Every structure is written in C-alpha cells, then in structure tokens.
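Colleague: Input: one structure, supplied below.
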C-alpha cells in the first residue's frame, strides 16, 4: 500500500510541471496560475482539516511559524517555478528541481545538529551540480534559458530551506500544518493578485484553451492539495526515508511527461544532466 501511495505522489508531482506548461501555453501568467493553484489547495486542505477534527492555531507564535512555511514552502517556489517555466520546458524544470534534496543536505549541515556532510555527500553534491552546469551551458545545443533556470533553482532552494525550517520550528499536526501553510501563502500573494487583478481577469476571459484552466484546477486539487494529504500519510506510515525515494523518480517522470506528452525536445545534454543529478543523489545516500 505504501508503494502505491508513493507511486501516486511521484506521478502527480512529476506531472505538475507539465500542467504548469499547459496553463502557460493557454495564456495564464505566473500570478494567476499560482493564486488559483493555492486557492484550490486551500479548499481541499480545509476539508481535510475539518474531517480530522483539527482546529487552526489561535496564537501569533504558531501563525508566525506557518507564515514562514507558507512563504518558503509554497508562495515563493510556486511563483518562481511558474515564472521560470515561461522560458524553460517542463522536462528541464523537473531535472533542475531534482537538486532540492542536495541543497537540503547542505543547509542541514550548517543549521541542524547531527546532520554533517561526509565525503560521499560532498562527492554527490559536486556530481549533481555538474549536471546542472551541463544543462545551463550556453555553448551546447539544447541549453535552457539562464534566468528561467535560475528562478527554478531558486524555487528548489526555497523548498530545501522549508524542509529544514520544518525541523527547526515547533511541530504541528499534519492537517494543521498543510492547511495553515497554504492559507498563509494565499495571504502573502493576495496583494500581488489585487495589483494584477485586471490582467488576471483579462487572461481568464481570453483563454485560448479551456484545458489551461483545467490544468490549474488539477494542479491545485491533486499535486498541491490531495498530494499534501498523501504525503503526510506516507511520512506517518513509512517514514521520511521511504518518501525520499521520490527524489529519484520525480525528475524522470517530469522529463518523459514533457518530452512524450508535450513533444518537448529531448536533447542529449538534458539526459546527461539528469543522469548526473541522479548519480549525485545516489552518492549522498551512502552512509559510511
């Protein structure tokens, strides 16, 4: 059962970059995609919270923690990914996002007691980032847009920092953490949505294809909402080490979803970069 749940997470998270690409191609901008995505997720997570009989915190200290998690765990990375994917294919986005566990490892070395780097982790980090440099090399055919890629790498780093934050901040019940975090991320981005209200309205009324809106709704309900619930279930049942298997599979699913379903170019450069990053992640898991 745990492997089925893990497979579900890999599938929905791996294809989320493809959904963003479909929304962008249909005429939606980064702000519209991100706000609609989070709004749909909030509905799902609120229902989950009610079903679990859990109440949201009633003190400022807890909300301050959730605000930080909402900023680095959803608001900032969601915006950066949607902005970056305007110029970076979804397949390459999946490859670039796979550096997240490596950045987490590096941050944990400095911020969490007992999480020390060893020679295998250092070798893995260097190997993986060699893959990133291969993908960004402007002299090679199939390289990606530098600034778009930089935004996606920043999103991966934001997720990594959020992972460390979760371990440093006081613990919450999974239902409360997911719902509160998503509510805070919506509040953080709401001023930007109000500022771009007319542009977002125009985008929605002039959608080239209905599938763009369907892609965003699916993105909010499944990879952001339902997947968050499954994530907590898997962590509670099988532990975070089991869940870390996602790190190997998500970039592979993202790569082939983009190349096969969206007909994005599959360059040799991208494949080499993907293999280098996966080899790097493998090296970091050696414990000696």
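The backbone N, Cα and C atoms fix where each Cβ goes, and this holds for glycine too.
Straight from TrEMBL, here's the annotation block:
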- 3-136: domain 'EamA' (DOMAIN)
- 147-284: domain 'EamA' (DOMAIN)
- 31-51: transmembrane segment (TRANSMEM)
- 63-84: transmembrane segment (TRANSMEM)
- 90-110: transmembrane segment (TRANSMEM)
- 122-140: transmembrane segment (TRANSMEM)
- 146-168: transmembrane segment (TRANSMEM)
- 175-195: transmembrane segment (TRANSMEM)
- 215-235: transmembrane segment (TRANSMEM)
- 242-262: transmembrane segment (TRANSMEM)
- 268-286: transmembrane segment (TRANSMEM)
Colleague: Counting Cβ pairs under 8 Å that are 6 or more apart in sequence, does the total for the transmembrane segment (242-262) and the transmembrane segment (90-110) reach three or more?
Modeller: yes
Colleague: DSSP helix, strand and coil counts for the domain 'EamA' (3-136)?
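Modeller: Within the domain 'EamA' (3-136) the tally stands at 107 helix, 0 strand, 27 coil.
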Colleague: For the domain 'EamA' (147-284), what are the DSSP-based totals of helix, strand and coil residues?
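Modeller: Within the domain 'EamA' (147-284) the tally stands at 119 helix, 0 strand, 19 coil.
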